[in-house]
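Trainee: My structure is below; once you've seen it, I'll send some questions.
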Amino acid sequence: MASSRCPAPRGCRCLPGASLAWLGTVLLFLADWVLLRTALPRIFSLLVPTALPLLRVWAVGLSRWAVLWLGACGVLRATVGSKSENAGAQGWLAALEPLAAALGLALPGLALFRELISWGAPGSADSTRLLHWGSHPSAFVVSYAAALPAAALWHKLGSLWVPGGQGGSGNPVRRLLGCLGSETRRLSLFLVLVVLSSLGEMAIPFFTGRLTDWILQDGSADTFTRNLTLMSILTIASAVLEFVGDGIYNNTMGHVHSHLQGEVFGAVLRQETEFFQQNQTGNITSRVTEDTSTLSDSLSENLSLFLWYLVRGLCLLGIMLWGSVSLTMVTLVTLPLLFLLPKKVGKWYQLLEVQVRESLAKSSQVAIEALSAMPTVRSFANEEGEAQKFREKLQEIKTLNQKEAVAYAVNSWTTSISGMLLKVGILYIGGQLVTSGAVSSGNLVTFVLYQMQFTQAVEVLLSIYPRVQKAVGSSEKIFEYLDRTPRCPPSGLLTPLHLEGLVQFQDVSFAYPNRPDVLVLQGLTFTLHPGEVTALVGPNGSGKSTVAALLQNLYQPTGGQLLLDGKPLPQYEHRYLHRQVAAVGQEPQVFGRSLQENIAYGLTQKPTMEEITAAAVKCGAHSFISGLPQGYDTEVGEAGSQLSGGQRQAVALARALIRKPCVLILDDATSALDANSQLQVEQLLYESPERYSRSVLLITQHLSLVEQADHILFLEGGAIREGGTHQQLMEKKGCYWAMVQAPADAPE
């Protein structure tokens with residue numbers, strides 16, 4: 001099939017994606033410089049009345065945002081293809097859209113902020129003058145210098161909101177917020193406390209500046225006392241609010257952890273049987289416990305810190321803008337230098353550290369090889385050669401250590417010098433503002449303290465970001481389980497008041513999901529009649545236990561159908577079906593609970609002690625239970641570790657009989673019972689009046705039980721080879737006769 005894409009004209013050279021991206025971005029910025037910077041203020045000066053300067057500024061800013069956003073979308077579309085691929089844009093290209101927003105909203109936001117802080121003094125904000133300044137080349141440069149780090153941070157945080165790629169988990173952060181559920185009110189209260197506490201923390205820098213002015217102006221003692229008292233009150237209030245907020249947050253996260261872990265465990269329990277065979281129990285347990293705990297710990301610690309410092313940073317930024325726009329711009333412009341340069345040098349230092357460790361390992365390997373092979377070294381008279389080789393490795397380590405020392409010094413120097421340059425720049429520009437009377441000395445001191453706190457907040461946010469990403473990664477694994485749809489059919493609705501227990505296998509075939517090409521059962525057709533015991537015998541691996549698993553609806557046939565009283569098994573309601581069909585295996589699972597709880601396991605209505613005792617008596621379990629010090633309240637240990645194999649089988653038989661099922665499956669369920677208990681089970685199957693109210697599928701090695709069965713089926717290779725009563729099959733002298741005649745210890 002021919003490609004639908006038209007070939008490029010001969011002689012036309014298509015630009016590669018990277019070149020096209022750079023060209024489109026440069027043209028977009030040129031358009032912003034040549035057209036938008038000068039044209040938009042003139043246009044809206046004509047359209048918007050002079051009496052509404054703030055509206056004019058916002059109209060210009062929003063228009064600039066819209067034009068730049070359309071241009072950014074055009075560059076993305078031309079570079080990465082269709083709109084559906086824009087989400088996969090890599091690197092700086094993906095930051096074009098947030099950059100357009102930052103450039104468009106910076107000036108209107110500043111104008112609105114100045115209007116708000118000058119409320120009650122009309123005209124003092126002077127939005128018109130701000131608009132004219134915004135079209136000046138210096139303002140253009142400052143706007144880009146401030147918008148670039150903001151757009152980079154926006155894009156970086158936006159990567160947390162990228163939809164998960166698997167499991168249909170959707171947006172992971174939104175899913176995490178959705179897990180908060182009913183805790184929204186508490187979290188809202190927590191955020192309010194964070195804001196109030198952050199504002200209270202800013203009392204110390206604010207009043208420090210006030211006290212500085214008081215000292216320089218030789219103010220009264222009352223002013224000093226009043227400022228110091230207010231600072232103390234606000235600081236104490238901030239600490240109290242932080243304590244209360246942390247308590248509310250940790251309590252909320254505890255509730256979220258319990259709720260989320262319960263939801264994940266419930267989702268796992270709803271999965272089909274094949275899921276538990278294809279996934280190791282340890283991996284599933286790790287998802288349910290460790291991943292949810294990791295997520296909860298990260299939410300409790302990292303998200304809390306992230307919110308604290310994010311709110312604190314925003315409050316500090318607002319107060320810094322209120323104090324001095326020019327000093328704030330200097331801070332924002334120099335922040336990338338403050339963090340990026342030490343980060344790059346730090347990577348070089350870390351790389352050298354790795355190389356030093358590798359060289360140490362190689363030198364150790366040389367020494368170990370020489371010392372462990374001394375007879376060989378001596379027989380070849382190569383002692384000096386090995387020593388020289390070791391000295392060469394030491395010389396490599398020495399060279400790397402020297403480089404590492406230089407890198408460490410440069411790393412420390414860049415960290416300190418970048419912070420020092422920022423402080424010097426702030427003090428230099430601030431000193432000029434103080435000299436000109438634009439700000440007071442106290443305001444400059446306040447700003448410097450705020451700037452130090454703001455820098456610390458940004459540094460903490462950048463350090464916490466990878467840990468928040470890790471939490472998002474953990475949440476995606478958890479949501480894979482929450483969103484996974486079980487591959488078993490949904491629970492049916494049939495719950496008839498009475499079941500006969502007629503079971504029909506109609507041409508049933510089956511292959512396990514992990515081996516779909518290997519049929520375990522092939523065209524199986526037989527019937528279990530109410531009031532009869534049908535014994536299923538055959539060699540190991542013939543499919544007997546698979547028949548029992550299908551009858552429990554643990555798997556679905558790959559061919560044919562399985563009917564209970566004429567209705568397909570999946571049409572019955574899940575709980576109802578497993579009350580009517582009970583099974584006991586050779587190694588039944590007993591839970592680490594009391595014997596009473598194990599016998600009543602899974603019943604929606606708690607049985608009486610008389611019913612529990614009666615079920616235990618029927619299978620011979622009551623005799624050993626009554627001899628225990630705590631009787632039916634005895635804890636059996638993890639997985640029934642305090643019980644013998646026969647006792648576990650007896651408890652499992654009682655657990656099945658208390659349900660009064662219409663279909664009873666015994667899959668080698670008496671192999672570990674003692675003689676008395678086996679006799680009781682034999683009487684239960686063939687002499688009890690209750691036998692006529694249920695169908696029994698018996699899989700066993702005990703021929704004494706098989707001989708009395710109403711019908712015997714010999715299964716081999718997944719197919720029924722012969723069937724009949726014991727007498728009929730012995731007369732045929734076929735497969736069953738050969739099995740009976742074989743020595744007791746011979747393999748089947």
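Here the Cβ of each residue, glycine as well, is placed from N, Cα and C on the backbone.
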Trainee: Swiss-Prot lists region 'Part of the peptide-binding site' for one of the ranges 375-420, 513-558; which is that range?
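Mentor: Feature region 'Part of the peptide-binding site' in Swiss-Prot: residues 375-420.
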Trainee: Checking the topology in Swiss-Prot: do Thr50 and Glu369 fall on a common side of the membrane?
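Mentor: That fails: Swiss-Prot puts them on different sides.
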Trainee: Using DSSP, what is the helix/strand/coil residue split across the topological domain 'Lumenal' (320-328)?
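Mentor: The topological domain 'Lumenal' (320-328) comes out at 8 helix, 0 strand, 1 coil.
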Trainee: So, do the transmembrane segment (299-319) and the transmembrane segment (54-76) meet, by the test of 3 or more Cβ pairs under 8 Å (sequence gap 6 or more)?
Mentor: no
Trainee: I need the CA-to-CA distance for Ser641 (ATP binding site) versus Ser545 (Mg(2+) binding site), whole Å please.
Mentor: 24
Trainee: Given a 10 Å Cβ-Cβ cut-off, pick out the one of the binding-site residues Ser545, Ser641, Ser644, Gln647 that has the most other Cβ atoms nearby.
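Mentor: When each Cβ's neighbours within 10 Å are tallied, Gln647 tops the list.
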Trainee: Can you check how the pLDDT averages out over the topological domain 'Cytoplasmic' (77-92)?
Mentor: 50
Trainee: Below 8 Å between Cβ atoms, which of the listed ranges 54-76, 187-207, 228-248 makes the most pairs with the transmembrane segment (444-464)?
Mentor: 187-207
Trainee: If you draw a 10 Å sphere on the Cβ of Gly541 (ATP binding site), how many other Cβ atoms land inside?
Mentor: 13
Trainee: Could you tell me the C-alpha distance between Gly538 (ATP binding site) and Asp32 (site 'Inter-subunit salt bridge with TAPBP') in angstrom, no decimals?
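Mentor: Answer for this pair: 84 Å between alpha carbons.
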